[in-house]
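Look at TrEMBL and you will find B:81-86, B:115-119, B:139-140, B:K152, B:K161 tagged as NAD(+) binding site. Per TrEMBL, Zn(2+) binding site is recorded for B:E194, B:H257, B:H274. Under the heading domain '3-dehydroquinate synthase N-terminal', TrEMBL lists B:77-188. The domain '3-dehydroquinate synthase C-terminal' annotation in TrEMBL covers B:191-335.
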Number of protein chains: 2
Amino acid sequence: MTTPHATLHVELGTRRYPILIGHHILSDQLIALLQQSLPHHGRNILVMSNPTVAAHYMEPVLQALQKADKDYRVQHVLIPDGESYKNLATYSDVMDVLVKHRFDRDCVIIALGGGVVGDLAGFVAATWQRGVQCVQIPTTLLAQVDSSVGGKTAVNHPGGKNLIGAFHQPAAVLIDTDVLTTLPQRELGAGIAEVIKYGVMADAAFFQWLQKNIQRLLDKDAEALAYAIHTSCAIKARVVAADETEQGQRALLNLGHTFGHAIEAATQYTSWLHGEAVATGMVMAARLSCLRGFIGTTYRDAIIELIAQAQLPIAPPAAMDIDTWLDLMSRDKKVKDGTMRFILPTGPGAAGIFSNVTQAELTAVITESVTRS
Amino acid sequence: MTTPHATLHVELGTRRYPILIGHHILSDQLIALLQQSLPHHGRNILVMSNPTVAAHYMEPVLQALQKADKDYRVQHVLIPDGESYKNLATYSDVMDVLVKHRFDRDCVIIALGGGVVGDLAGFVAATWQRGVQCVQIPTTLLAQVDSSVGGKTAVNHPGGKNLIGAFHQPAAVLIDTDVLTTLPQRELGAGIAEVIKYGVMADAAFFQWLQKNIQRLLDKDAEALAYAIHTSCAIKARVVAADETEQGQRALLNLGHTFGHAIEAATQYTSWLHGEAVATGMVMAARLSCLRGFIGTTYRDAIIELIAQAQLPIAPPAAMDIDTWLDLMSRDKKVKDGTMRFILPTGPGAAGIFSNVTQAELTAVITESVTRS
């Protein structure tokens, strides 16, 4: 269903960039990219990663860089694992490295890792000397289908996730499906949650494919994963090209995220993975949508069942009371002038943005989600 | 030579924005802007300023905001005076204020001050929730003719000035020429240096006007200042519209800055004002240009004389040796893969970018600048 090497493009005019999906990307394709495709760049290259990913993949990447051009001056920094390190302090440390090694405007930042590394490296690239080139090499399924594509970069603030950041499109995204072989099963599941999101919000046929093939994804079937990644990235690339800075339809990609972010915040970003919180958030969005009559119980239950089959959580923490929910959801970046906005499925492969949700409706959905799940 | 209220535009397609120049801008025009012209914005407004400027102008701005809409939720923060506070620590403090008061994506950041406040406020606006609207109200001549227009935002790093930043265009620039009445004479001079720069790099007729009217500017003649500001902003707006992110000709605006930044760095950004360093940098650029045969001695001396008449320094610190110069200039953001680039006048109202300057030429220019000036 997919060729070994497929290339999508995010169509942003002069800032158009490729998403390469395939095997052995880390070596061959990285070299080809640097030698041929990347807009003019200098010799200074910084590879950002974390200890877990670096143990597997730093060496091949450094070797590829050496092979591409022996004159490259390559530095690398490792960011400790975990969302709590995606902050201004770590950001400042990385800037110190760039200053120390006199990186100039023609340098390249390579993000080799999951969402934390990608978001942080992207924000570094966005703001070093007012913006330098960034190559994303995502090593988790979630980063491959979501965070590495589209130019959202950020660090967290103690007051909220991703509050500080910038839109800065990468120069290229290299997705090597081989790296998923070393991905822990729980992180794979978190990525599948975002894959399901694309089916719910934008592609009814893909949703049906997922209903039939969810076990193959959980079993890390290479062909199924490649197809799911390609389909997900194609949807994301289309949405980003149409609305780069989220003035409108790009917000649909946040299906499940208003509820999900509240769960993550309530549990201090420790016990729930982002994808797990989004999975439960999608269940709650489906329930809210059904409550409002946008979708019927059959489709609602199909969404919930697919998420459950993916072994993802479908019930939020029972300990969260309504005041906690309202407080945390009101901090969401989608809030406009104090009004919360929800992305709700409106039918197979379709979703909309709604800002007139009442507290009574939210209370009903939260209660239903805790007790019925 | 100018109408009381003139409006220029920086033509950037959908991100086109106005530069309003005139009297009483702080009150009437700010209200009109917020009520009518600013793209949709919410109620949260942050005014950033410094103690010196705030003592004169914070109250009128806060009153104007109150008058514009009593439902605005206005916060203000004061940044201590001085370039040394334009850093990541101050930036982080301002982010804390935005988090604390739950500023959302529809908020507006107002920069009321000189270059330090404008650059920092601009970087906050560029990176708060991936970018919010910023209104620049520059209160120094230098900020009015240069830093408030064009979307360059930044903070300093101990290793270099403006190393961390982003391109983020303001939503509007309000230039109230009345505020210059309270500007110290030395700061006025620093602004005049950037005004002279526009004449040298882009407008021979304006250069001639400056030769005749430099004393009127030093005397704060309102009409002369308004004309100089309008002409300078018109040139800057045109250059920025043609090359927003400095891929090419925008670099010409850095005439005098490669030498100037080195002087600022060598003197720890304390004893020389930015404009003063740029003034001397332009003298050195003129000498280098003459040495290379791009311009003759008559025009070179005309540039030096105009700068001297503006009571600006024309000689760099004698204590800077060639190694210090080379070390500091090699850290400049215009460096490409280790090669320094110089903006040199190539004739009246014209300048070019040159990267093949030899160490021997630089040594000659530095020696000449110290001894002949």
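The backbone N, Cα and C atoms fix where each Cβ goes, glycine too.
Feature annotations (TrEMBL) mapped to structure.
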residue	record	contacts (Cβ under 8 Å, 6+ apart)
B:D81	NAD(+) binding site	B:N50, B:P51, B:T52, B:V116
B:E83	NAD(+) binding site	B:V116, B:N156, B:K161, B:Y269, B:H274
B:Y85	NAD(+) binding site	B:I79, B:V116
B:G115	NAD(+) binding site	B:T140, B:L142, B:A143, B:D146, B:S147, B:H274
B:V117	NAD(+) binding site	B:M48, B:S49, B:N50, B:V53, B:I79, B:A111
B:D119	NAD(+) binding site	B:K86, B:S147, B:K152, B:T153, B:A154, B:V155, B:N162, B:G165
B:E194	Zn(2+) binding site	B:L141, B:L142, B:V145, B:D146, B:S232, B:G275, B:V278
B:H257	Zn(2+) binding site	B:V278, B:G281, B:D332, B:K334, B:I343
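Across the binding-site residues listed here (B:K161, B:H274), the residue whose Cβ sits among the most other Cβ atoms within 10 Å is B:H274. Residues B:E194, B:H257, B:H274 make up the record's Zn(2+) site, and a Cβ search at 8 Å around their centroid adds B:L142, B:D146, B:A193, B:K197, B:G256, B:G260, B:G275, B:A277, B:V278, B:G281 from the same chain. The DSSP secondary structure for B:T140 (NAD(+) binding site) is coil.
Neighbour count (other Cβ atoms within 10 Å of the Cβ, all protein chains): 27 for B:T140 (NAD(+) binding site). Mean pLDDT across the domain '3-dehydroquinate synthase C-terminal' (B:191-335) comes to 95 in this model. Under DSSP, the residues of the domain '3-dehydroquinate synthase C-terminal' (B:191-335) split into helix, strand and coil as follows: 103 helix, 0 strand, 42 coil.
Annotation note: B:K161 (NAD(+) binding site) sits in a strand segment as assigned by DSSP.
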